[in-house]
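Asks: Handing you this structure, nothing more for now.
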């Protein structure tokens, strides 16, 4: 196990450099004239041009200049310095502010997915082909079919504006209540997947030999389902939810935008829209690490849950 | 076995506990805006809040509350003194600026003429990288502050006379100098803003200290809000509301939903998606007011296809502006038939004459006689929501001129400019302009002069340049306007660009506020706004 983790960690270092290099190249190589891009539609004065050239080391051109800037960036990054956004704010500060709210939102979404998804999945799995099973199938297909970009504004309009059950946006320093609607919207997609996964898994395990044995031993049905079936059925679901948590941590660009939640996705979106290259690269670099770590944790958790799996 | 069972069951209860924990931390008060004594106004995250570094709308909305300008503009958009007692000049070259007594900064410092001089020098000093740097170029000595290692740190044209008076000497006479002083680049900054002469404190931007009707309450809370409260020692016109929250939104659609739910008080720009439903959603809380933006179509001079004025005129006549403003913009913009914005003193209707009147038969005749190209290309940037109107324009050209016409998209405006500079054939391309201060010169100079900062299309007419120059050096406003109008008449003959549309503020507010007004710079009037009782 230890050797496995060590090997994965070494792979992570490679993956980290590879992805940051690609992201860095994509963000900055696409800009024809980075200085004009910084200024937007306004004309650039020679004074500003000189100032920005110096500030962002743009005097070195070509491939050499690119690697010069990239290594400069990585050097700062390794020292824990994420650099400054184009508006002069420390990206570390931005993330520090954005992360707590994104994590809260992610946890709400995950809780929604678990509480409703797993429960409904188990019920649907036990009562296969019942009305409940069929109606959840239709509902989950519907949710999976509607993209968040449609679902989020619809939920906001009906639940927030029209019937005023929830505040339409969360805004700064949101309460749990204000985050609930975005959390449900964000969690609905994972909910649908978790439900389908649990249902399939439970249905399959109910047909397993050990269930038949347990039943012939005379165990009550509730005990069979809760103790034996559920535990075995949850393995794929937990894996899925673990990966999903990594996804959710990286912020939900659409949901955070629609509900005005100043989290990670919100900042990433702003970075992209205002062509704030350093901000985009900074956030994405951190997200790469989040993804790598959450994937590793899921893989390790897998072995813990299922004793048949061994890593060498 | 027991241990394993525990591990397998961790996921569910853990998640439930976390959910509950999140529950515990919330629950204190509703979301923002429920306190009726606070008026909330939508902004985007400002880029900067230092007066000399603020050029975009959100930042200037905030500092318009924190500072009081030397001059403001009346209903005719002529300047009148606010923080200034008088701004006079006998030759339009040496300007004497007297500031009103009694203004204090929010930290109690008395406002002196030196505060203005310090702030302006800071803005003009190139190594500070301030966005409003070019606004100081008319002051003599400006050139010495430019470059990587400037010769001087202070402009020689600025001289303190006494605590309330200073003079600004310009490098050449400029009649509109007083008008330009309403711009936020010319706000003063207190001594407390500087850690050493000419060095701004890093912390200043997080809580700017001004001399305006509102002062900061706490610091700039990035990505969420900026709170300000009424400054009671402000000697000018007092605001009607005590607290204002500038709430930061990433997307206008989110802010729009909040206005509908009375959760946000003022939305200065209705999102395009909601333009068609907004009048019925908001009723009489849906408002429009004039604004200075000007959209036009430019033609690169290096492109022989479009070098004849008659070709450009024919294209212009083949465009039905009214139809596009109605169907694409739902009346949120108006058709443009002049080269400067209608909000300016000196604006005349229909200066482009027949060339801007929709007349498909004449257009076709003229186009064929002038030998226009068989394919017209209109380039635009894809990130600004221009596709709809470009497509509509292209279709009109196809029908009315009987030629092939296509829209060509570039990812960003900068990409488009790079192509124009490299003389890659882009065809006609879209451009927009928003004024910095209400003078005709602010349109004619940068857009159509040979050395204009935004004249990317290379239009050059020595006679035009001469008239604009004479206008800005004129003795009186009337004389200046006469010269500017003569210059505009030349544009009508040469038709270097095709005027398309003028913008309007299209805004909405909640039922909790009244007297919401917006100025020409897309800013909400913070002094006039009132809470509806």
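First residue shown is number 1, and so on along the chain.
Including glycine, each Cβ sits where the backbone N, Cα and C put it.
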Asks: Ranges A:160-178, A:179-197: which does TrEMBL label transmembrane segment?
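Replies: Based on what TrEMBL states, transmembrane segment spans A:179-197.
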Asks: Using a cut-off of under 8 Å between C-beta atoms, tell me which stretch among A:12-30, A:105-126, A:138-159, A:179-197, A:224-243 contacts the transmembrane segment (A:281-305) the most.
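Replies: Between the stretches A:12-30, A:105-126, A:138-159, A:179-197, A:224-243, A:12-30 has the largest tally.
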Asks: Among A:12-30, A:138-159, A:179-197, which stretch has the most Cβ pairs under 8 Å to the transmembrane segment (A:105-126)?
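Replies: Answer, by Cβ pair count: A:179-197.
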Asks: Quick one: do the transmembrane segment (A:249-269) and the transmembrane segment (A:179-197) have at least 3 Cβ pairs under 8 Å, skipping pairs fewer than 6 apart in sequence?
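Replies: With 3 or more qualifying Cβ pairs, these stretches touch.
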Asks: Any residues 6+ beyond the ends of the transmembrane segment (A:12-30) with a Cβ under 8 Å from its own?
Replies: 66, 69-70, 73-74, 77, 277, 280-281, 284-285, 288-289, 292-293, 296
